[in-house]
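Annotated compositional bias 'Low complexity' per TrEMBL: 7-16, in sequence order. Residues or ranges marked as domain 'Vps72/YL1 C-terminal' in TrEMBL: 16-45. Residues annotated as region 'Disordered' in TrEMBL: 1-21.
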């Protein structure tokens, strides 16, 4: 058998995780663009100040170009 550490890029789409909890996220808040996994997280996102939202987006490099 031949084994190699090198492999081609994955064809699977990248996983998306909640910006609040780190859990797998199926939802995106259309207003803030933050990802969330539960209704509880959605209510938390609605109460976050804009500078915190900007910080979360910066962490995952999702800020719009300036």
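Note: Cβ is positioned from N, Cα and C throughout, glycine not excepted.
Note that this is a predicted model, so its numbers are computed, not measured.
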Mind checking how the compositional bias 'Low complexity' (7-16) divides into helix, strand and coil residues in DSSP?
0 helix, 0 strand, 10 coil
What is the pLDDT of the domain 'Vps72/YL1 C-terminal' (16-45) when averaged and given as a whole number?
96
